[in-house]
Amino acid sequence: KLVTLSPFVFPAPDLIPPGACNLLNSSTIYANNEVNLAEVDIYGFDYDYTLAQYSNALNTMIYNKAREFLIEHFKYPEGIRKYDYLSNFAVRGLHYDIQKGLLMKIDAFHYIEPGTVYRGLSPVPDEEVLQLFGGTFHVPLQQDSGFYGKGPKVKQFMDIFSIPEMTLLAVANDFFITNDIEYDPVHLFKDISVTVGMVHLKGYMYKWIMEDLGKNSFHVFRGDETDAVLHRLASSGKKLFLITNSPFSFVDRGMTHMVGKNWRDFFDVVIVQADKPHFFTDCIKPFRRLDGNGDLRWEKIKSLDKGQIYKQGNLFDFLRLTGWRGSKVLYFGDHLYSDLADLMLRHGWRTAAIVPELEQETKVVSTDRYGMNLTWMQALTGLMERLQTHRDPVSKQVFLEWQKEREELRVMTKNLFNPQFGSIFRTCHNPTYFSRRLCRFSDVYMTSLSCLLNYDLSYTFYPRRTPLQHEAPLWMDQLCTGCMKTPFLEEMSHIR
């Protein structure tokens with residue numbers, strides 16, 4: 001006898017299997033690939049969102065200034081000014097169809113997740129999405145974003161700084177659509193790209209943060225933890241280096257605030273305005289030394305010396321001058337393309353991705369509501385898989401009801417993370433395109449650099465052996481990494 005069931009008649013403890021995970025720890029380091037820290041002698045770092053963590057208030061300021069440029073420099077309608085920054089609209093890793101003016105979420109197999117396509121601030125019905133993409137949710141490889149997230153027709157927004165840009169694109173599109181004003185989405189995309197770039201190129205972001213450091217420092221946080229990480233690594237005899245696209249004056253102010261005026265003593269090599277990702281692929285640009293005032297020197301660089309500041313350059317000269325090669329180097333960065341991709345694929349460095357979104361995502365995954373939704377959704381999927389072979393009218397009706405309920409659960413689960421786009425790591429059940437790149441370009445990933453404080457420097461990170469589709473989960477190693485006690489979490493808690 002077939003009966004339609006609903007998860008909402010069951011209390012959560014009865015629905016969730018014994019031992020289900022609700023103890024995820026955002027201070028955990030997660031492994032995509034096995035990494036033994038005892039083999040790592042050299043630690044490298046990006047600066048923004050790696051050594052320095054910024055508050056969400058910075059996104060609001062970037063959005064406001066870019067919106068001002070759009071109206072005053074590019075002469076866009078004044079009505080766009082009425083749109084305030086929407087902090088919970090976009091998430092990192094989304095794709096934007098430049099010609100269609102659509103913001104959307106794509107999975108690891110290049111399929112658009114239904115219900116996550118937005119034109120302006122309004123969702124596009126799935127039926128219309130199918131019409132726009134030729135009767136399919138699939139985005140062809142030749143249209144999709146290229147190696148660095150920039151394709152001919154589609155761009156992927158992988159940078160944390162890109163969230164204000166996505167929001168401005170959405171509100172500008174929304175203004176033209178709701179006011180029935182004809183416009184070219186391609187022009188809009190290019191103009192907004194320029195306005196957001198102007199915020200960085202004209203130094204506004206650097207100015208805001210440096211001014212704030214002299215006041216209440218609400219933009220930069222976790223400085224004590226960065227200080228503790230650097231002290232620990234240096235005192236253990238590790239070599240440290242910094243490669244950042246930011247200018248020296250900005251980095252110097254931030255590092256002095258977090259670590260102290262002698263922060264350069266920690267680093268064996270410091271490189272600013274490196275122009276990543278071109279730094280990793282260009283063989284031509286030479287290093288130039290900066291003097292104590294930040295002015296460029298003219299002499300030829302024959303060695304990279306401790307205590308000196310270098311500008312530009314390229315990775316090939318860096319490798320030649322330092323001899324730091326292969327898996328004994330571990331580099332930390334937040335941008336999967338600009339910071340990590342080339343280092344892993346071309347040079348064999350170990351890579352660590354900083355993913356601040358993990359903190360909130362692990363909180364959601366640990367809730368009873370998420371556990372109940374996911375458990376029942378998986379149960380429904382299994383029931384549907386078995387029922388589909390029954391062709392009688394009752395079975396068909398029950399299957400349709402289960403299918404509808406499963407879709408409702410998918411939407412509810414997505415909304416727990418973000419009402420528009422859901423989790424940055426998953427679509428309905430597949431990994432997102434962002435997750436695919438995260439697994440491909442990073443050996444390990446974590447919420448912040450401070451997670452390193454929870455582990456001994458001889459610790460080995462082992463990825464969980466999750467079963468492939470044709471394998472049975474027969475082993476006992478299915479306890480997720482985040483449930484395991486991090487070795488030094490309690491000992492390091494005083495830093496937090």
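Cβ atoms here come from the backbone N, Cα and C positions, even for glycine.
TrEMBL entries are annotated by machine, without manual review.
According to TrEMBL, the active site, nucleophile annotation covers Asp46. Sequence-distant contacts of Asp46 (active site, nucleophile), defined as residues of its own chain at least six apart whose C-beta falls under 8 angstroms from its C-beta, comprise Leu242, Ile243, Thr244, Lys276, Tyr331, Phe332, Gly333, Asp334, His335, Asp339, Ile354.
Annotated active site, proton donor per TrEMBL: Asp48, in sequence order.
As annotated by TrEMBL, Mg(2+) binding site applies to Asp46, Asp334.
The GMP binding site feature in TrEMBL is assigned to Asp48. In sequence order, Tyr54, Phe161, Thr244, Asn245, Ser246, Asp334 constitute the residues six or more apart from Asp48 (active site, proton donor) in its chain with CB-CB distances below 8 Å.
Other Cβ atoms within 10 Å of the Cβ of Asp334 (Mg(2+) binding site) number 24 in total over all chains.
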